[in-house]
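To keep things clear, I will list the structure first and then write my remarks on it.
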Ligand SMILES: Nc1ncnc2c1ncn2[C@@H]1O[C@H](COP(=O)(O)OP(=O)(O)OP(=O)(O)O)[C@@H](O)[C@H]1O
């Protein structure tokens, strides 16, 4: 994040501004010859060459006060920012990690501080602490300012708390404090940094407000006490507006610099904030319908999709075309990061920022999902197609009974009759292998496998024609996986639903799918009926991928991964994307020319120069070249 931060114009502006203010304070003795406290100058002097901002009603040089004032004001900002953040981080992380009564207690305290109005609380607290100098101001600011940060950090830490690596640390016996400060906290540095700048901003503004109303230490020189004296001595009535304007401007500048840094870190944390809405859908140019291919349900045409990132455009899906027939089970396999999920999200119009569909169509029964108006798309989802992702079970609301959540999709599509809802919900539960009495459970009373079955039941509720499943069972143990997959297959055969099924596990697809597409570096490099692909894989990548999984039958053999790594997807790929790792590559051909998709047998297509038609084309092209 550090490198990204220093590339953001807003962060650069914030840092430059803050740097100037810090330097002003540090080099004050070099920049002015006047002592900010000594009142031995003539009163009320206007700005002049000698006194750039004139003098005060007490005979002090205003410019020197402005320079020296930076020291204490920024000191309050930084120290109070650090202490406030420390309190917020400690309480937020403790509440999230321990949960139970610890969470309840901290949460109640946080809520109390959040509902108390800020300024009156600050005034009451500082009245009690008056006389303690700068430290009491820092203490008061930290005491009143931690609650918002603690709330935000707790929310983020709650999500982190359930991650596998935290469970693993706890299982191997790490102490809670070690987990909190060494496992969880480093994963939240961006949020903590944003919180620090927010807290520092609050501290600077609070110090100014308290000093201005006389609750600060008016014997010190800060921008806040400058405002206090200017107000008390009637600077505006005397026409000496610069006495107020100088500290006022400095406070606004330091506030602006902290806000710019806070905002930029926030933005880097949440890439959605970086995407200009107008750009989001611009690329998808849209004709709503196209004539459907006969006997085709889903027709993905020349789809290009990916992510706009700081390091450029990641083209995760490259000119992908794919068709799915009614009732067909199409498997999509490939190594991690080859673009399977992006393809699934993009084709179903679920790809969210920073993801973007750059071009292409995804026609369901001839209707382009990528250009449908939102209201029509909402009607289409669940009814015409539904989607189940790996973490789908987490979409179940933990405080609502699963029955109501199963009803919701049906209610939205106009099924309102109580009896029908009930009988359909029971039928769906039986279909996916759960006893109907579990309809009245809350999600937390169900195992992971059962929750995933509930989500599949919801996806089936309106008997859509197509279900896209992206590793729907990967998070579950192997036995549960098998049984769910068998049920999915039975349901598909019974209801004639088409399924696009994404997995790393090629052997599983060989067993279940009608057709398999192999994806590599954002492209479909081979496509064939499942058995055909299993027995005669033609692309060297598919052959390697097949070899990486245990055989379906026969004796156990040692399996090997594919050496090397797929190419980075944020650059143009010249030639065959598998060139670097291919054991049978042909230099001068595969690295310079793009292999075209060619049918080798009926229904079996491959993009590889080993296939004669591809090589013929290259030879022809080479002959044409001078
Ligand atoms: N939010 C994102 N921002 C930038 N790049 C991303 C983002 N999400 C995915 N990518 C990149 O897009 C490419 C394709 O990712 P995708 O998740 O679609 O692959 P996948 O084949 O589904 O992988 P897996 O099997 O691990 O889920 C990868 O190079 C990945 O790094």
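Even glycines carry a Cβ here, placed using N, Cα and C.
From a predicted model like this one, the values you see are computed outputs, not experimental measurements.
If you look up TrEMBL, you'll see 12-31 (among others) marked as transmembrane segment.
According to TrEMBL, the domain 'ABC transmembrane type-1' annotation covers 70-262.
For 74-98 (among others), the entry in TrEMBL reads transmembrane segment.
Taken from TrEMBL, the feature transmembrane segment applies to 105-128 (among others).
Feature annotation from TrEMBL assigns transmembrane segment to 134-153 (among others). Beyond the ends of the transmembrane segment (134-153), by six or more residues, the same chain brings 72, 75-76, 79-80, 83-85, 87-89, 91-93, 95-96, 106, 109-110, 113-114, 118, 121-122, 125-126, 188, 191-192, 195, 198-199, 202-203, 206-207, 210, 216-217, 220 to within a C-beta distance below 8 angstroms of the stretch.
Here TrEMBL flags 188-205 (among others) as transmembrane segment.
For the transmembrane segment (211-229), the list of distant contacts is 36-37, 56-58, 62, 65-66, 68-70, 72-73, 76, 123, 126-127, 130, 133-134, 137, 243-244, 246-248, 250-251: same-chain residues at least six beyond its ends, Cβ to Cβ under 8 Å. Residues or ranges marked as transmembrane segment in TrEMBL: 211-229 (among others).
Residues 1, 5, 8, 10-11, 13-15, 17-18, 21, 47, 53-54, 56, 62-63, 65-66, 69-70, 73-74, 77, 190, 193-194, 197-198, 200-201, 204-205, 208, 223-224, 226-227, 229-231, 235 of the same chain sit 6 or more residues outside the transmembrane segment (241-265) yet have a Cβ under 8 Å from a Cβ within it. Among the features that TrEMBL reports, transmembrane segment is placed at 241-265 (among others).
TrEMBL lists 300-546 with the feature domain 'ABC transporter'. Computed over the domain 'ABC transporter' (300-546), the whole-number mean pLDDT of the model equals 86.
Sequence-distant neighbours of the transmembrane segment (188-205) (same chain, 6+ residues past either end, Cβ-Cβ under 8 Å): 1, 73-74, 76-82, 84-85, 88-89, 138, 141, 145-146, 148-149, 152-153, 156-157, 160, 251, 254-255, 258-259, 261-262, 265-266, 268-269.
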